[in-house]
Number of protein chains: 2
Amino acid sequence: MGIYPSLVTIILVVISVKRTQQAAITTDFTFSTIKRETNSDVNADSGVIISITDNAVTTNVPDTTTNDPHGTTTDTSGITSDHHGTTPESHRTTHGDTTHSDEAHGGSGHGRYPVVTFNFEHVAAPYVIALWVLLASLAKIGFHLQNRLASIFPESCMLIILGVLLGLIFFLVNGLHHSLFYTLDATTFFLFLLPPIILEAGYFMPTRAFFDNIGTILTFAVIGTLWNTFAIGLCLYGLIYGGVIDLNLGFLPCMVFSSLISAVDPVAVLAVFEEIHVNEVLYIVVFGESLLNDAVTVVLYHMFETYTEMGQEEVQAVDVISGTVSFFIVGIAGLLFGVMFGLLASFVTKFTSHVRVIEPVFVFVMAMLAYYSAEIFHFSGIMALIFCGISMKKYVEQNISAKSHTTVKYFMKMLSSIMETIIFMFLGLSTVTWNHAWNTGFVFFSLLFVFIFRFIGVLGLTAVCNHFRAIQINYVDQFIMGYGGLRGAIAFCLVILLDEKVIPEKQVLVTTTIVIVYFTNFAQGITIKPIVNLLRVKKQLKFKPSLNEEINGRLMDHTNAGIEDIVGTYGSSGIRER
Amino acid sequence: MGIYPSLVTIILVVISVKRTQQAAITTDFTFSTIKRETNSDVNADSGVIISITDNAVTTNVPDTTTNDPHGTTTDTSGITSDHHGTTPESHRTTHGDTTHSDEAHGGSGHGRYPVVTFNFEHVAAPYVIALWVLLASLAKIGFHLQNRLASIFPESCMLIILGVLLGLIFFLVNGLHHSLFYTLDATTFFLFLLPPIILEAGYFMPTRAFFDNIGTILTFAVIGTLWNTFAIGLCLYGLIYGGVIDLNLGFLPCMVFSSLISAVDPVAVLAVFEEIHVNEVLYIVVFGESLLNDAVTVVLYHMFETYTEMGQEEVQAVDVISGTVSFFIVGIAGLLFGVMFGLLASFVTKFTSHVRVIEPVFVFVMAMLAYYSAEIFHFSGIMALIFCGISMKKYVEQNISAKSHTTVKYFMKMLSSIMETIIFMFLGLSTVTWNHAWNTGFVFFSLLFVFIFRFIGVLGLTAVCNHFRAIQINYVDQFIMGYGGLRGAIAFCLVILLDEKVIPEKQVLVTTTIVIVYFTNFAQGITIKPIVNLLRVKKQLKFKPSLNEEINGRLMDHTNAGIEDIVGTYGSSGIRER
């Protein structure tokens, strides 16, 4: 007794994990399954894994007491030949040899040579990806053909709505279980969907505006995010402690939540700000903040989550110091990784004059390596990508052929555009399929705090920054900076990464995050354009500088650099011109 | 007794399968592992799966009789924290939260907050891919910098040599087991490496030369491949039957082998012919043959393999008829899939004028869908891709913006170039790690037959084709056609797809295939350039046609089409001009 049922389980596990493996690229749902389906049965797709982690295999296994080991084997092949059957065997059915697995014979009688065979499984992963990309692209075309809708709603909102509709369809047709395959999972997001967008942002970064405003950007990214995190977290905990919000959430989980919800999201900001064409300073301050706050978010999220796991009473002074130290390491190391790989790409492209056609490879591969290398050590991958893009651009542009550079730029934009589309669509999809846990008080106060502390932070920090700025940020711009602080997919992915065992109230946090993401993207995203027009926010210059302006500008820069050289002080002109 | 050791096994299975899953994209080695390691133990990486299929799990499990279920759980976490530990948990450790798995704590004392953490597993798959692509690109640059080497060896040969060297290094450093991770596996090859090359071939197909010579190409692709398959297969079987070759190989396995070794390989042909610049007719005939013979190869390989599984005595007349029917279906359906998706891409790109940046997406996605859709039904994916490329090009070129088209063309060439590099490098790698089974007689006669029947086929078929051709193919061209009949990675992947249970002598076939691939690529690939120069083969025209020539050519085409319209007969001009 005992060993054979377990054998069956092993085989079931292998089958389901194999199935998982096939779908791994698109829909790495193992994680979410583990979280949500603690009471799933053995037959559910891939639900078996949880049973193991929960140490509950024995309860699910039928207690057959057969003594014949071959009986079990027969069982297995029975499972193999069902509709979803993907034993290790099916991995071989790649190029014209389905007949290994039983299902292939299905069509044309047992044992006869089949004229046409059908086997979807072996191309499932790339096929599903291709279909999603196609759908995303078609959606994009469709929206742009609808001029009236496109003028009111930002594209991101329409994509979320499309995602929700698709989610409802999957929900109704397949039931909740199957729609699990189509949620935005964190692995796919952080490894494949996010990097192209950030790379594009870094590569096309208006470096001059960025470095001219780096002080303001850093102030908002670091101090602003810290302020938001602590203000939101402390106030929420205060209300929970005071009994205003009826939720059993400790201090540290509160801080974890506030750390992930505080950061302004680059993807959401990009999607909205691209359409409203505000002036460059305003754009770069908000967008730069959304990029550079990644280091802060990573550290705060990581820190509070670790503290939560350790337990509040276990946290010692040394942990707090470690946290503070890792703060600098995560950001600076990310930056260094980025610059290193960026310069490496610049160096390698010096030798490609004989093989022009592979030049774009280096740009993309080096950027990816920068990101993944930073992620290995849990440094800020976003910082790495941004600075990889910034540092390689000038050199790569000169080294590679004009056609290569067109391809690099165009393909980068294309990839980023598609990934953005997929992210918003998946965000919509994920909303439908999730088991929501609603807590009105928590949702309301989170939303309120997110909104007001953002404004307080912006007003306070701008007041400080304006002391050091030549060009003052006026109140109208400050309002847009506060109003444009959108939250997005990064927050969502971080909240679904939380461990339900450590934070049992995770579902509430997830639902609240979704509400905040939706609110900022819909309410603020839709109204920001009219407000920008109403307040007469200084717009982006539509015309290119004339030749005269350009020559004068360059002359001024050179003169400045010369004066700085003579005087012996080093300002931004020195760096810029040398 | 019994249940807990099995539980340990389940967890081990999950861990190893998870590990497999992470590396799944690059190195889907499950298949090869199953084949080779029937006596592996539980602790070997991913070797567990075999134990299950071989129903030998029980013998490998240590028979501990602990009664405490939690004891087992503790065991698990012990396993998790080792170097390779990848439980389902580690899938969550994506963005700054390693601390869930025990290993993360390793660096900085138990329970303390770690300043820097290290977790390679969660980025392993894309990281390894990126590194391989980088290595391939660097290798390509390196070769082109070595002008002396590059003038003697074709790039493909040098890449194979590099692969062999890398293989030796892996072999010596890690031992055979770990080098399993770096073989050319059939799934990766057919799903990801091959399609970009074929798409590029189809998209940049010189359509005029292709359709002008379609008769000759089809003759070679269909009748030539059939001739080679049956001639080689029958002769080999004859020698085996007659006792000249000392090998226990039946008639049908012989035919399986000859079907996979008969087809000229497009990747190998492309690599070599790109460097020798022969005239367009010669090029298109050899290259066209290598592309269109895919349908024949798929059918013959599939057919003989199925027959082998059924057993020789089981094969009835109806099976042979089915085989012949599927012959036409596989080719024509592949073509139709290609044309369908090609026209779909052409249609969709009519509506992209508002979103220029995603135009290249459609070209690539539609082509991929054509290929994968054909593969689902085991139609010829190569045919689908070729005709998708041909049919979409004219329309897409007109619909999309100039920049989009540059990107499409450039990126296609880049992808194809990189994939080709990787294929040859992996081909070299796979040679070292495989357990070879050498059979001198079989290797010698296979090589001999491959060589001479190719020449006999070319001579005989050209004699027939020349009757119908306006421009005769002379003997020099015929020699190059015969000599340029290189075999390559497709043959290798098809032979490793064979089932050792059905054909126990598989290893001999694999080794022989490798020898033939090496011989044709090295001996023929290196000498073909000097021979082309020696025989004064008509070279490709280097100059573009003058404006006058072009206008005259167009005028003639239009006139021809007009005359055909009036006369009422339809020749190639009619199709070309309308």
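Cβ from N, Cα, C; glycine included.
Keep in mind that TrEMBL annotations are predicted by a computer and have not been checked by a curator.
Between the listed ranges A:188-205, A:350-367, TrEMBL ties the annotation transmembrane segment to A:188-205. The transmembrane segment (A:443-468) shares more Cβ pairs under 8 Å with A:510-532 than with any other stretch in the list A:124-145, A:324-345, A:510-532. The stretches the transmembrane segment (A:480-498) and the transmembrane segment (A:324-345) are not in mutual contact, being linked by fewer than three Cβ pairs under 8 Å (pairs 6 or more apart in sequence).
Contact between the transmembrane segment (A:417-437) and the transmembrane segment (A:324-345) is absent: fewer than three CB pairs lie under 8 Å, with pairs separated by 6 or more positions in sequence.
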